[in-house]
Every structure is written in C-alpha cells, then in structure tokens.
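What TrEMBL annotates here:
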- 34-320: domain 'G-protein coupled receptors family 1 profile' (DOMAIN)
- 22-43: transmembrane segment (TRANSMEM)
- 55-80: transmembrane segment (TRANSMEM)
- 100-122: transmembrane segment (TRANSMEM)
- 143-163: transmembrane segment (TRANSMEM)
- 203-228: transmembrane segment (TRANSMEM)
- 266-285: transmembrane segment (TRANSMEM)
- 305-323: transmembrane segment (TRANSMEM)
Amino acid sequence: MNGTGRECGRGGSALPAKAHPLISALMFSAGLLGNLLALGLLLHGRRGPRQRPPSLFHVLVLALVVTDLLGTCSVSPFVLASYHRNHTLTALVQGGHICLYFGFAMSFFGLATMLILFTMALERCLALGQPYFYERFLSPRTGLVALPAIYTFSAAFCSLPLLGFGRYVQYCPGTWCFIQMHLDSHQNRGGRGAAGLNVTFSLLYATLLLFLILAVLLCNLSVIVNLARMHRRAQRTRRVATLEQPRAASGCGRRMFSMAEEIDHLLLLSIMTITFVICSLPFTIRAYMNKFITEEGEHEWDLLALRFLSINSIVDPWVFAILRPPVLRFLRSVLCCQVTPALPDRRTPCPAKTKLAAQLGPCEP
C-alpha cells in the first residue's frame, strides 16, 4: 500500500516528455473560479431585510458548493506542483504519502458531493410527496445533522484502502492517484487474492455511485409526477376561482408561487443530475470492465474516466452560477408552453392570474 501501481509504469520518477500541465491548470482555474462565483452568489442572495430564512434545499446547495471548492483546492495544487518539479506524485515525497492522500481526497470529495446531490433530490421528493412529514420533521437544521453524517460516512468508506481493503495507485502520466481498478499482474505481495481484493473495492465504489445515480433519478421522477399533480390541481383551482374570486384569489396565488419555486428547484436539480450521470458513468463502466481486463495499455481510458469524475465538481458551481432567476424564468416559460393546455373558458380569469404570469412566465399567444 505504498501508493504506486502498474497504471503508470514502474521505472523513473520523472513525468513523461509529452505530459503538459495545460489541461490540469485550466481545470483548476475553472473549478476555483466557478466555486468562488457560486459561493459569492449564494451569500449575496441571502442579504437584505426581506430575505426569507434559508430553506433546507438552499443549505444543501451551499454545502455542495463548499464541498466542491474544498475538493478542488485539496488536490489540484499537488498536480501543478508535480508538473512544476517534473516529478510524479509518488516521487514528490518519499514513501508515496502524497499519492495516498491524493487518492483518498479524490474518492472522499467525489463521494461526498454525490451523496449531497442525492440528499437534495430526496429532500425535494419528500417536500412534494410527503408534505406533512416534511413540515413536521425536516427543517434547515436537518442539514446540520445530515451533512456531518455524509462526511463521516464518506471518510470511513474511503479509508478502507488505507486499512488494507482496496488500494490507491498512481495513474499515468504520474499526476493522478485513485482507487486501483486493474488486476495487477506485477503485484506479488499478498498474491492474486490480495490483488483481487483491491479491485473489489473499486467495484464496491462504482456500485455505490451507480446506486446513487438510480436513486437520484427516481427521486427526480417522483418530483416530476408530484409537480404534474400540482399543475392539475392549479388548473382546477383557477376554474373554481372564477366563481369565488375574493376568497380563492389568495390561495390561487400561493399555489402559483409554490409551483414556480418547485419548478426552479427541479430544473437546477435535474441539470446537476445530468452532469452527475455524465461524469460518473465512465468511471463506473471502467471499474466493471477492468474487473475482467488484465491487459496493459488501458490506462488512457482510465485517465479519461478519472478526468470525467473530477469534472463534476467543476461543472456543478457553473450550473448554479448560470441558472440565475432570469434564466430559470425563461426555462419555466418554455416548459409551460409545452405542458399548459388552453383553457376552454376564458370569460372570467382567476384574479391571481397576473401573479401566475409573473411567477411561471407563460408563453405569449
């Protein structure tokens, strides 16, 4: 468990001649800038005397951005230092301790980020599917309990290779360390059984990611179903409001605002989920494929899968920074154009209809 592996060869401590820091520098810059921008927008949005207390969803969004920022700042400087000194990670410090730290940090922050995204999806699912349970038992303080539990589980799970179950190894060009995904034919210590045990941990990690992918997709599907039900109830409320205008107007407006807010959450969560799936599936596929591949020369695909996995923490904050309220209102208007049928009775509109136009941004006739 010295932090080296066949994934980047056995000889020499210098980086290959073709290794170039441009991609790593761009990824670090984009991740740092995006996370700082998203963090600034979140904190700035909470200022002002009329701002409502932060919801549990916004607490989780803030935790996601902070986690991505810490993950970017904890590993990228070592990559740039490796290029600067023209040494592999295992050669920067004797004993390969930096490689072990790098592999642990990558797996820890990757898993923690995905667990927070799953918690966000579960929170929206419960808020719409089980509103009474949500109002009674869940609050922004719940995030103060859920987040330490997420970090503790991630740290414990990713510490298993440090205890002998699994192994962190170096990948070409010598600037990456992560979980061993290949059966190492050169590994004699512990025999083939130990090598198979190391690869088993990568399968366990990939299976956990796959489970999170399916769970987030199911939660988002449940949110979409509940939003469709809210939409149908809103249509019935508008018809009833034509008969009972004074009393129904306020309730109609509240439902409109609630649905607009839920659509905003769904859009943000759905796009983050898409990036999550795109960035996680390559590693998951490679982990299962490598269980049955023993040939050399496959490290290029492994490196590509690891880069996809690390891109997730770079893309997430930019998604939040780009999807500001004006953009979300535009996306809502596009969705409403597709799903809102024309009402047969337009003689007496709901008094809160103008409020619906402001919140849901209906399409022009």
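Note that Cβ sites are derived from N, Cα and C of the backbone, with glycine treated the same way.
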Distal contacts, the transmembrane segment (266-285) - CB-CB under 8 A, six or more residues away: 61, 114, 117, 120-121, 124, 206, 209-210, 212-213, 216-217, 220, 223-224, 227, 304-306, 308-309, 311-312, 315-316, 319-320, 323, 328, 331-332
Lying 6 or more residues past either end of the transmembrane segment (100-122) yet within Cβ distance under 8 Å of it, the residues of that chain are 1, 3, 57, 60-61, 63-64, 67-68, 70-71, 74-75, 78, 89, 146-147, 150-151, 153-155, 157-159, 161-162, 168-169, 176-179, 205, 208-209, 212, 215-216, 219-220, 223, 269, 272-273, 276, 280, 306, 309-310, 312-313, 316
Could you give the residue numbers and ranges of same-chain residues that sit at least 6 residues beyond the transmembrane segment (22-43) on either side and whose C-beta is under 8 angstroms from one of its C-beta atoms? 58, 61-62, 65-66, 68-69, 72-73, 76-77, 79-80, 83, 175, 307, 310-311, 313-318, 320-321, 324
Mean pLDDT over the domain 'G-protein coupled receptors family 1 profile' (34-320): what is the value? 79
